[in-house]
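Over in Swiss-Prot, the protein carries these features:
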- Phe23, Ala57, Phe58, Glu59, Ala81, Val82, Ile83, Phe114: 5-amino-6-(D-ribitylamino)uracil binding site (BINDING)
- Ser86, Thr87, Arg128: (2S)-2-hydroxy-3-oxobutyl phosphate binding site (BINDING)
- His89: active site, proton donor (ACT_SITE)
Amino acid sequence: MPRFIEGKLDATGLKFGIIVGRFNSFIGERLLEGALDALVRNGADEATIDVARVPGAFEIPLTAKKMAQTGSYDAIICLGAVIRGSTPHFDYVAAEVSKGVAHVSLETGVPVSFGVLTTDTIEQAVERAGTKAGNKGFDAAMTAIETVRVFREFR
């Protein structure tokens, strides 16, 4: 019979770093509210949550790496919004942010969850930041909690 390893949604005693891009701040702040709600609902103490605001999404991966390298965080949650415009800038930023965040997690071994919206329109971003399509900040925080707990089962 195989052993199934699953993470409990219990943030009690865990320390989280959250990074929020200020560009498209209306969206970023809704994502942050969702992430904080998920963490506190699942037992996190607000005093164990650090929030770093950075200029935009492009700065998120390096900030996540610096946070992870401190060894102070059980998980890092990355939040922001990259919304398509009329130039190829969106494609470059969206690709680099997603690759960069994944690289930080693989390089450091610290769970880094991706709650950076990459949408075609502002309406899609609003939907994913707490209206019709739920709150992806909440989802990213839940992912962070569960991943930490799965990793703890490997010990």
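Just so it is clear, glycine is given a Cβ too, placed from its N, Cα and C backbone atoms.
For the recorded positions given as His89, Arg128, the lowest number of other CB atoms within 10 Å of the residue's CB is seen at His89. In the three-state DSSP scheme, Thr87 ((2S)-2-hydroxy-3-oxobutyl phosphate binding site) falls into the coil class. Taking the C-alpha atom of Ala57 (5-amino-6-(D-ribitylamino)uracil binding site) as reference, the shortest distance to any of the recorded positions Ser86, Thr87, His89, Arg128 belongs to His89. DSSP assigns Phe23 (5-amino-6-(D-ribitylamino)uracil binding site) to coil, not to a helix or a strand.
Candidate recorded positions: Ser86, His89, Arg128. Nearest to Phe23 (5-amino-6-(D-ribitylamino)uracil binding site) by Cα distance: His89. Rounded to a whole number, the C-alpha distance linking Ile83 (5-amino-6-(D-ribitylamino)uracil binding site) with His89 (active site, proton donor) is 10 angstrom.
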